[in-house]
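Only one structure is covered here, and it is reproduced in the block below.
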Amino acid sequence: MTFTERDRLLESAPPWVNSDDQTTAMVPNPDAPNVATIVQQDCPETAETDTRNIPDEDGKPKHAALVIFCISCITFISSYLGGLVTISVPQMARDLNLGPGMELWPVSMYALATGCTLLIFGAMSDAVGSRKIFLLGCFFQSIFCMACGLAVDGTQFITFRVISGLATAMCLPSAMSIISENFSPGKLRNLAFSFMGGGQPIGFGLGILVGGLCADTIGWRWGFFTAAIANTVASTLSCWQLPQGKVTRVNWHGLVYGIDWIGAVFISVALAVLAWALAVITANVHDASKPSTIACFTISGVLIICFVLWQDYQERHDKPTLIRNSLWKNLSFTAVCINVFIIWGAFNGLEQILNFFFQDVQGLFVIETSLHFIPTPITGLLSALATGMVLHYFRADAIINVTTIISAISPLLMAIINPSWSYWRCAFIVACLNPIAADALFTVSNILIADLFPPETQGLAGGVFNTVSQVGKSFGLTFVELISNVVSDAKVDPRHRYEPEGLMVGYRATFWFLLAVNVISLIVGAIGLRRVGKVGKANSQ
């Protein structure tokens with residue numbers, strides 16, 4: 001690559017790329033092969049484009065509002081299922097005979113199944129076409145939503161939830177790719193990411209509300225049936241409205257040789273084995289010393305090291321990679337990934353323990369608990385939309401740091417709460433503030449990460465963001481369950497272990513832990529994102 005070519009790349013790169021110590025890591029290598037170029041070189045006729053809904057002169061699809069609506073519907077339904085399971089865990093555990101320590105498996109195993117395969121499906125969406133992978137994921141999600149509602153025991157239910165997680169992994173990175181491919185940088189693209197992010201708090205909140213209503217009336221299974229119906233409708237609309245994109249025919253040679261399958265196997269197996277080990281010690285902390293658990297941690301660590309070394313080899317030889325190791329040299333990229341991991345883990349962990357607090361400590365019915373969560377989707381949506389509208393006016397690091405401080409108030413209040421206090425005195429404020437950082441970070445980090453990847457690998461960019469967030473969510477759920485169990489076991493008389501006072505001892509420790517990780521996230525953002533500046537501006541700005 002000549003110096004002239006490099007200068008041209010630097011001029012067109014995002015503003016934070018031009019830092020003296022970060023240039024090499026951030027500028028894409030035009031000489032290195034990627035999925036899209038391999039596919040097009042091997043089979044030029046695959047580069048057909050959709051003439052039904054191609055972007056217009058303003059850099060957006062002709063039916064931009066419907067495209068945004070379709071993508072937001074799918075993220076909405078994915079989060080709806082999360083809220084449904086969160087609120088219905090006690091009823092599901094009783095009906096499906098899930099033992100102590102396994103109550104959160106339907107949530108954590110779903111998150112890990114998603115997190116372990118997002119990079120694979122992100123790369124596949126670049127090779128096969130984001131629209132195809134998105135619609136395939138919608139199809140499987142509809143089927144296994146229905147299957148979850150029909151499950152007769154815990155094993156079946158967890159298995160169906162795992163497969164649903166794989167379907168979600170198909171949808172999330174391909175949805176981000178569809179936005180990046182069809183919307184030019186600017187306010188509309190920011191809003192598209194905001195609506196995609198806003199679908200999550202609304203879905204989660206409605207899932208909690210519907211889950212509470214169903215659990216106390218017709219049964220929690222109907223929550224999954226309604227999700228299957230809604231998902232089928234959204235999938236049908238997506239088939240009609242989503243643009244085809246650049247790749248309309250599958251080229252098997254490009255699919256086989258244009259994706260780093262070895263790296264994908266390394267990282268997917270490593271995360272899966274690690275998740276299993278964490279789930280085992282969550283159920284019983286004394287199992288941490290068992291040879292099988294130690295072996296799982298060891299295997300996972302070795303595979304992660306192998307993945308890093310393999311990515312280095314692939315990058316040095318200009319071969320396809322999942323995540324170039326040189327990206328981690330960029331402080332902004334590393335900081336935003338750490339923040340996504342921490343904030344999404346803390347947000348989901350607090351939501352789950354707050355649910356247990358309402359039901360197991362305060363003794364509320366499921367429907368009452370679901371009503372207590374109503375402020376969460378409202379403030380989450382407002383946070384996402386406000387971020388999308390002002391992102392190109394304010395520094396991204398300031399937005400992230402301010403929203404993190406606001407959300408950190410939630411675990412602090414829960415750590416000092418008196419269970420006898422009324423909902424409006426403390427828990428209402430917690431429900432309002434908890435989602436603000438997570439939903440603001442969704443919009444900012446998606447745009448930051450998308451700008452670091454070439455246009456033809458936006459599916460992989462979506463895979464990176466969603467892998468970090470989903471694995472963070474799973475780790476957050478695991479650690480809050482582990483901490484609450486360990487602290488209560490150690491400090492509470494066994495005779496009172498499962499009484500409200502005994503449970504609250506462990507829950508308080510969990511809330512202090514969540515406050516600490518929010519503070520860590522704030523420090524990481526203040527140091528690592530200080531050079532980011534404004535993002536999401538139109539090319540002409």
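Cβ from N, Cα, C; glycine included.
Summarising the annotation, TrEMBL assigns region 'Disordered' to 1-22. Under the heading compositional bias 'Basic and acidic residues', TrEMBL lists 1-10. Positions annotated as transmembrane segment by TrEMBL: 64-84, 104-121, 133-152, 158-179, 191-210, 222-242, 254-279, 291-310, 331-350, 370-391, 398-417, 509-529. The domain 'Major facilitator superfamily (MFS) profile' annotation in TrEMBL covers 67-533.
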> When you check the transmembrane segment (509-529) against the transmembrane segment (158-179), do you get at least 3 Cβ pairs under 8 Å, counting only pairs 6 or more apart in sequence?
Replying inline: no
>> At a threshold of under 8 Å on Cβ distances, which of 64-84, 104-121, 191-210, 398-417 pairs most often with the transmembrane segment (222-242)?
In response: 64-84
> Taking residues 6+ outside the transmembrane segment (133-152), which of them lie with a CB under 8 Å of any CB in it?
Replying inline: 74, 77-78, 81, 96, 121, 124-125, 160-161, 163-164, 166-171, 174-175, 178, 221-225, 227-228, 231-232, 234-235, 238-239, 242, 459
> Any residues 6+ beyond the ends of the transmembrane segment (398-417) with a Cβ under 8 Å from its own?
Replying inline: 339, 343, 346-347, 350, 353-354, 357, 383, 387, 390-391, 426-427, 429-430, 433-438, 440-441, 444, 507-508, 511-512, 514-515, 518-519, 521-522, 525-526, 529
> So are the transmembrane segment (370-391) and the transmembrane segment (191-210) touching or not, going by 3+ C-beta pairs under 8 A with a sequence gap of 6 or more?
Replying inline: yes
> When each of 64-84, 158-179, 191-210, 254-279, 331-350 is checked against the transmembrane segment (104-121) for Cβ pairs under 8 Å, which one has the most?
Replying inline: 158-179
>> Should anything in the same chain at least six residues away from the transmembrane segment (158-179) have a Cβ under 8 Å from its Cβ atoms, list it; otherwise answer none.
In response: 67-68, 71, 74-75, 78, 81, 85, 105-106, 109-118, 120-122, 125-126, 130-131, 133-134, 136-141, 144-145, 147-148, 151, 189, 192-193, 196, 242-243, 245, 446, 450, 458-463, 465-466, 470
> Looking at the stretches 64-84, 254-279, 331-350, which one shares the most CB pairs under 8 Å with the transmembrane segment (191-210)?
Replying inline: 64-84
>> Counting only residues 6 or more past its boundaries, what in the same chain has a CB within less than 8 Å of a CB in the transmembrane segment (64-84)?
In response: 53, 107, 110, 134, 137-138, 141, 145, 164, 168, 171-172, 175, 178-179, 182-183, 188, 191-192, 195-211, 220, 223-224, 227, 230-231, 234, 237-238, 241-243, 348, 373
